[in-house]
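The structure appears below as structure tokens.
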């Protein structure tokens, strides 16, 4: 049970998704044209959001690594 | 650039491109992928996430918070922010937070320890089968109506992306939701529910940052709101609430009693979609902490809902006016205005995922209550298990089809949050009265539960009809729902007391674990080592949340 259970830990799923999104947005942000930057009031919003999502995604993965869930191991006691 | 733009109603068109669709596709690949993988890898679909009563408070708290913060909440509270200004904050600080703390501190032990699978089942054990049937019936109707709201909101976004007419968007959205529920199963729905919360926040924070930059920061926003249609009143929460000369047309009695007490306590303490999240916690203490852990983020959620609403009312001069866009469109309009492709895709994904999660939760709530609390308990309970599973599948399809119908009702409301609050006043407010009286007054009889609930629901409905017909003058739709909730509560309480005095109470032996002061001796103390620490005390953490909520009011008195 232990291996698939860790794979499905919600922190891994969110962390992984945010890393991928962060990567996409960071690259897009680096390539953004002046017009896109101007739409966002001069803020390189794709870049900043991308970096923030990388950090959040990393934090979720780190959290999962440091405090693995003891999860539903006890689920055989009822239901 | 002009301060206020005027937009036509059909102006909302999100400029999505391939990049945004890639982000959207990735999300649903992950969610459906988990659904498939989990189906193969686990015995029951719930094993990994919300079952077995084995989860720590942080997971259940996260699920609890996500179950509430869907896109209906985001769009609806932004709509309220634009329509009523800072008074929308009452929903969070006098509404949600105290009720969540109350749920954790007072009510949760009864739910958790009685091991019921649903609120109607609790009603059957505390009162009788008729009360269960009535509660299950109104719950099923409410779920279908709310599913319609989610479906309508989903269609609104599809419409904005693709430019389809609304009826086509509603039909296609319903087909997508049905496919999603059938393909992904319950586990993917639950993962989706938690993930959409983070994706929505990731999409909204950029909107808030750019929006504030545009209007000149907090001080600029304050100045511009004063000059907008909202005026000075748009910046205050309690000013002029002795009378009704404020944006909400509500006085403090309606706010404190209607919204703060009945409506919010009713919603948070009896909404099974929420309570169920806490039931999967590993022990009583973790279950009690669940809503309290969720109360802290709830304190600051207005940053991504009310502030965008205020920015929208400043930027779009004819928002909510005849011929202009509806209040519901505040957030999509801002996304369109500010977000370049990329972040736009994240925001759109968050909204779409959220409506799907919301509708999936409504349909599965309907499905459970229909098969378990209505059919199995009252029509025919003798079939094998597979028979009920099949019945559940049919109920899912019927629920989605009925949701298409109610989506068109929702489409008739310019502000979906108002509609939602009216529904809560019909269904949740009387339920809360029956619940709370039954909990603290052990003499309350079985039939008092039934007649109290019935009369409360009927009166809330009647008060709404009379408001619509112009007999009652509550000023705003929202204030009407505060009063409807208050009336439902009072009528329910009076009828419950009168019927109780005329009928015989249940013997105390049947009430152990279901009323205050009669604990169930068969349930042992399940505290874990470390639960005694202050940071795991529901009372201390709960008090902290309430104090913070009060402190947050200070800049907006």
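Just so you know, glycine gets a Cβ as well, placed from its N, Cα and C.
Automatic, uncurated: that is what TrEMBL annotation is.
The transmembrane segment annotation in TrEMBL covers B:21-38 (among others).
Annotation source TrEMBL lists transmembrane segment at B:91-112 (among others). Residues 77, 80, 122, 255-256, 259-260, 263-265, 267-269, 275, 278-279, 281, 284, 287-292, 294-295, 298-299, 301-302, 439, 513-514, 538-539, 542-543, 545-546, 548-550, 552-553 of the same chain lie 6+ residues outside the transmembrane segment (B:91-112) yet bring a C-beta within less than 8 angstroms of a C-beta in it.
Residues or ranges marked as transmembrane segment by TrEMBL: B:133-158 (among others).
Marked as transmembrane segment by TrEMBL: B:164-183 (among others). Remote same-chain partners of the transmembrane segment (B:164-183), defined as residues 6 or more beyond its termini with a Cβ less than 8 Å from a stretch Cβ, comprise 28, 32, 35-36, 151-152, 154-156, 158, 189, 355-356, 359-360, 363-364, 396-397, 400-401, 403-404, 407-408, 411.
Annotation source TrEMBL lists transmembrane segment at B:195-215 (among others).
The transmembrane segment feature in TrEMBL is assigned to B:250-268 (among others). Residues 87, 90-91, 94-96, 98-100, 102-103, 238, 241-244, 274, 291, 421, 424-425, 428-433, 436, 475-476, 478-479, 481-483, 485-486, 488-489 of the same chain lie 6 or more positions beyond the ends of the transmembrane segment (B:250-268) yet place their CB under 8 Å from a CB of it.
The transmembrane segment feature in TrEMBL is assigned to B:289-316 (among others).
For B:391-413 (among others), the entry in TrEMBL reads transmembrane segment. Within its own chain, the transmembrane segment (B:391-413) has Cβ neighbours under 8 Å at 143-145, 147-153, 155, 166-167, 170-171, 174, 177-178, 181-182, 359, 362-364, 366-368, 370-371, 375, 419, counting only residues six or more beyond its boundaries.
Positions annotated as transmembrane segment by TrEMBL: B:419-441 (among others). With a cut-off of 8 Å between Cβ atoms, the residues of this chain six or more beyond the transmembrane segment (B:419-441) that come close are 72, 76, 107, 110, 119, 123, 126-127, 131, 135, 138-139, 141-142, 145-146, 149, 262-263, 265-267, 269-271, 410, 413, 449, 452-453, 455-457, 459-461, 464, 477-478, 480-482, 484-486, 488-489, 491-493, 496-497, 500, 514-516.
The annotation transmembrane segment is assigned in TrEMBL to B:448-467 (among others).
Per TrEMBL, transmembrane segment is recorded for B:482-502 (among others). Long-range Cβ contacts of the transmembrane segment (B:482-502) within its own chain (Cβ-Cβ under 8 Å, at least 6 residues beyond either end) map to 250, 254-255, 257-259, 261-263, 266, 422, 424-426, 428-430, 432-434, 437, 441, 443-445, 447-449, 451-453, 455-457, 459-460, 463-464, 467, 472, 474.
Residues or ranges marked as transmembrane segment in TrEMBL: B:539-556 (among others). Residues 86, 89, 92-94, 97-98, 100-101, 104-105, 235-238, 289, 292-293, 295-296, 299 of the same chain lie 6+ residues outside the transmembrane segment (B:539-556) yet bring a C-beta within less than 8 angstroms of a C-beta in it.
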Maximum Cβ pairs under 8 Å to the transmembrane segment (B:448-467) - stretch from the list B:133-158, B:195-215, B:289-316: B:133-158
Cβ contacts the transmembrane segment (B:195-215)/the transmembrane segment (B:289-316), at least three under 8 Å, sequence gap 6 or more: yes
Surrounding residues of the transmembrane segment (B:133-158) on its own chain - C-beta under 8 Å, 6+ positions past either end: 14, 70-72, 75, 118-120, 123, 164, 166, 169-170, 172-174, 177, 272, 328-329, 332, 348, 351-352, 355-356, 358-359, 362-363, 365-366, 369-370, 373-374, 377-378, 399-400, 402-411, 416, 419-420, 423, 426-427, 431, 450, 453-454, 457
Residues of the parent chain within Cβ reach of the transmembrane segment (B:289-316), under 8 Å, 6 or more residues beyond its termini: 3-7, 57-58, 60-62, 64-65, 68-69, 73-74, 77-83, 85-86, 88-89, 92-93, 96-97, 100-101, 103-105, 108, 201, 204-205, 207-208, 211-212, 214-215, 221, 224-225, 228-230, 234, 268, 274, 277-278, 281, 324-325, 327, 330-331, 333-334, 337, 536, 538, 541-542, 545, 548-549, 552
